Amino acid sequence: MFCTRGLLFFAFLAGLDIEFTGLRSNLSGPQQISLFDLPSEWYLKTRQSVQQFTVCQIGLSVFSAIEGEANKYIAHSCNFYLFPTTFGILDSEFSFQASSVQFLNQYGFNYNKFLKNGIPYMNEEQEKKIRHDILTGNWRVRSSPDKDQIKVVIDEVTRWLELAKEGDWMTLPGITGFQAFEVQLVLRQALPNIWTVLKDEGVVVKKVSKQHRWYLQNTSCDRESCWKENILLSARGFSVFFQMLVKAQKPLVGHNMMMDLLHLHEKFFRPLPESYDQFKQNIHSLFPVLIDTKSVTKDIWKEMNFPRVSNLSEVYEVLNSDLNPTKNSGPEIVHASRCEKYVETKCPHEAAYDAFLCGSVLLKVAHLLLQKIYHIDPVPESSFPQYLDVLAPYVNQVNLIRAGVPKINFSGPDYPSIRPPILILSVKRWPGVSEQQVYHKFQNLCKFDVRRLTRSQFLLLTNKFKDARNILKEYRDHPTLCISLYRYWRHSPNVNCLLQVCGIVTAWALLAFILGRSGT
């Protein structure tokens, strides 16, 4: 792999981006994510989508300092096409979402590399099952295409054995990679008088005596136990690199990276737990320093009055333009040799390119923040530790799309909501009105999430204060649609019911008291 353990060890940060076969299940009603959701509710809804779709490409860009050159960084960027391990009992099911396929196809995603040459991967639970089956000899070929190919191979080798002498060998060409381990495992289990070796040209099968076979199994460098460990290592595939990334404990940088973190946990660590707090603890243990460039750029964009941007590429363009006052004094970033594809070529939504943008944006924004502290440009002796210091308020604050809070805090309790207040809509002379009808009624003016409160009342919530003010003003004197600020103690049906019960109890108590006194 391009990214050795040593390269990760000496790196300052790792940019990450992941592409998926789908983003969200088309859930309806209460299962849809909304601005009303608490982080724990948002997590449980999104967890279903993460379990349904899979990762098709991971991009990593590892940034290291260039020795002897101040504030200069070199980026090693690489794409990994992934495909779930199909080995023994493992045969994952996953879905494609048409819009996601269309989107990636629009940007030139190579589905052949994903489906034909994807690197296998598994999480820790899957690895335990496979390890047990391989080491105990309970392993079986499960998929029909593999069974058919294995049958052809066994028939071919069996016919050859009938005429072969001890010491003779034959080659099975075109069998490479992980499949070669599978073929060898089956042949060794099925035929006691052969030995197999993997070479560049394919799997080499040699006829041997049973005594020689025993000797090879127990004394050679390719003895059974070591060989089975190699099979397991091959089956783990990208998961080996994931563990290297975890052990390196470097700052992990992404853009709107919440979905990336969910998939990293589910696909490479463990199945997502039902507990939202447990998920947060697990991620913080794996990656103690997370930085979401979406959270960082949100604040700096308002402060610097930069033009509005809608994606990571546009953020990068603004920071590389003359609009950035530190454009010429900021960190210099170069691409490593053999990683120079992106020097002249822009490849938006290619995972490694977006990972490179994440790391670059972070360094440039950090320099901008540092300059604002010193009030001079260039900043004297700017360094990555200084960058981390100014980024401290953003560490482990991951942006959250469409939820009751704007971000998740992975190193502690989540912050309270800073969304606009909830509004309450009271409807008159509109029998049978639905949430969908209410949504369409206001969508041209502003976008609200709608939740029914009673038969004729609905809660409205937006993520823009301006929209809340506008609709309150627009519908101030409307004859059939009355909109006001929602007050829990005033509008909640539960509170109203409780107050009514209390009123009845109080009235009965008062009546009993009066009747009791009159009886005496």
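Yeah, the Cβs are placed from backbone N, Cα and C, and that goes for glycine too.
What you see is a predicted model, and the numbers here were worked out from it, not measured in a lab.
Swiss-Prot annotations:
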{"type": "BINDING", "residues": "D17, E19, D260, D354", "note": "Mg(2+) binding site"}
{"type": "SITE", "residues": "K294", "note": "site 'Interaction with poly(A)'"}
{"type": "TRANSMEM", "residues": "495-515", "note": "transmembrane segment"}
Integer Cα-Cα distance in angstrom, D354 (Mg(2+) binding site) to K294 (site 'Interaction with poly(A)'): 13
Between K294 (site 'Interaction with poly(A)') and D260 (Mg(2+) binding site): CA-CA distance (Å): 13
K294 (site 'Interaction with poly(A)') versus E19 (Mg(2+) binding site) - Cα distance in angstrom: 17
Environment of D17, E19, D260, D354, the listed Mg(2+) site - residues of the same chain whose CB lies within 8 A of the CB centroid: L16, I18, Q57, I58, G59, G254, H255, H349, A351, A355
Listed in sequence order, residues with CB under 8 A of D17 (Mg(2+) binding site) and six or more positions away: I58, G59, G254, H255, D260, A351, A352, D354, A355, C358
Cβ-Cβ distance under 8 Å to K294 (site 'Interaction with poly(A)'), same chain, at least six residues away: H255, N256, M257, N399
Cβ neighbour count (within 10 Å, all chains shown) around D354 (Mg(2+) binding site): 25
